[in-house]
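Listed in TrEMBL for this protein:
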- 112-256: domain 'Malic enzyme N-terminal' (DOMAIN)
- Tyr135: active site, proton donor (ACT_SITE)
- Arg152, Asn389: (S)-malate binding site (BINDING)
- Lys170: active site, proton acceptor (ACT_SITE)
- Glu241, Asp242, Asp265: divalent metal cation binding site (BINDING)
- 266-452: domain 'Malic enzyme NAD-binding' (DOMAIN)
Amino acid sequence: MLRSAVARRSRELRRLLSSSAPAAGAAVPGPCIVHKRGNDILNDPWYNKDTAFPLTERDRLGLRGLLPPRVMTFKEQYERFMNSFKSLENNTRGEPDSIVSLAKWRILNRLHDRNETLYYRVLIDNIKDFAPIIYTPTVGLVDMIVVTDGSRILGLGDLGVQGIGIPIGKLDLYVAAAGINPQKVLPVMLDVGTNNEKLLEDKLYLGLRQHRLEGEEYLSVIDEFMEAVRARWPKAVVQFEDFQMKWAFETLQRYRQRFCMFNDDVQGTAGVALAGLLGVVRAQGRPLHDFNKQKIVVVGAGRALLPKTGRVWILLWRLLPEVMVLMRLKDLHEGASLVEVFDTDHQVKKVKPHVLLGLSGVGGIFNEEVLRAMKDSESPRPAIFAMSNPTTKGALLSGARNISDEMLQAAAESLASYITDEEIGKGILFPSVSSIRPITARVGAAVVRAAIHEDLAEGTADMGPKELNSLSEPEIVDYVARKMWYPGTLFTALL
């Protein structure tokens, strides 16, 4: 009887969510045992269904009288929230962007704190609109950890412990885009002090009131953290996010061979940029092996960190080290404006780049003057990238010991291949974010294959390395897709 009842509920759930239902075999939650009652359930966003608790569950779980009498379906709750969000948009029309963004972030954050299932369903269905809201810094078992020390939060600089919003927002995107189970993610803020004098003088600042640790003292803290993670969650992927660039490279070199970790600012940006650059070559009607003939001008943080060889190290992380950057020409003085790259006079050499790559957190660099100057490019289809990440799911499912350059390159090439020739002809170099889940499945499968090829795949609890190695390419894609978490209403029972 219980099995047939559950089957009926499952069919009803699929029917209600049919407008955007998960792929066949996706991980929709089944019945679960709850050890809580009454307000303890309503205060737990993982179990709380708000008005969607049926009367039978309200009686069993001690919820009668704690909720409004009307029982709503999950679909009705979804529509109610979206109507509230649209009303917020209408009511804040004409207000400054900062006020509107904060209001949107608050309404989403309140939903997250109250009902995680509904929150992630809303986020998945509206990822294109909501991703910038949750990721922009407005103020058991672990598969994925995003860690920051708060030293370089996007374009805001040193925020100390107030940088914790970035790991939280990034993990929300991984749940929505890569299908990582939200119960198996962990945002981490390593408080090693702050060099922001305003924060140090702020009586309300919650972090350590000391300047940042440096040198071996700093590295000893990071060493202890990484060892503790491996001891507690040996299969977890650790992503470093928004570290100062000096520590971004140092920690990446220090840990990448010993731990399953990566740095999104270095390697994640590199993978996405490489996918776009491969698309540029296609848009120019040239074969992909002509990639190393591209003239690339890099603007931003990467410029001061490139080695003397002039290779695009910060961008491609040695994926294609033969690509040269025309950036510090002898004729150009240090700190020259971008437009000087294009001007011709007795002092300045004309570069005529094929690609402009922005790696700076400062806005307004690619202004109208620069865009007009790109008309002089030797390329029939010059490209401009204003860069501010797709390997995580594949690394998790392969059980890789570490994340290699080849795995990153496989992700970039898979992302680039997703664009059709027709889209390339229209100047589209990246797929729409609305298709991010099927794209993630294919990119993740490419990373799994690369891990297998390099003998880095150690498998997972339900799929050993031999089984992984025996899967065909379509089977790996299907395996990744089936492992993607998808939100659904939990069916609860009292123990």
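A Cβ is built for glycine as well, from the same backbone N, Cα and C atoms used for every other residue.
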Query raised in the report: Looking only at the domain 'Malic enzyme N-terminal' (112-256), what are its DSSP counts of helix, strand and coil residues?
Result: 78 helix, 16 strand, 51 coil
**Report entry** Candidate recorded positions Tyr135, Arg152, Lys170, pick with smallest Cα gap to Asp242 (divalent metal cation binding site)
**Finding:** Arg152
Report task. Tell me the Cβ contacts of the residue listed as 'active site, proton donor' under 8 Å, same chain only and six or more apart in sequence, or just say none. Result -> Ile166, Gly169, Lys170, Asp172, Leu173
Report summary line: Taking only the CA atoms, the spacing between Arg152 ((S)-malate binding site) and Asp265 (divalent metal cation binding site), expressed in whole angstrom, is 10
Query - Cβ-centroid neighbourhood (8 Å) of the divalent metal cation site, Glu241, Asp242, Asp265 excluded - result: Thr148, Arg152, Ile166, Phe240, Phe243, Ala248, Asn263, Asp264
Query raised in the report: Taking all residues of the domain 'Malic enzyme N-terminal' (112-256) together, what is their mean pLDDT?
Result: 91
Requested in this report: Could you list the residues of the same chain, at least six apart in sequence, whose Cβ is under 8 A from the Cβ of Glu241 (divalent metal cation binding site)?
Outcome: Val146, Val147, Thr148, Ile166, Pro167, Lys170, Asn263, Asp264, Asp265
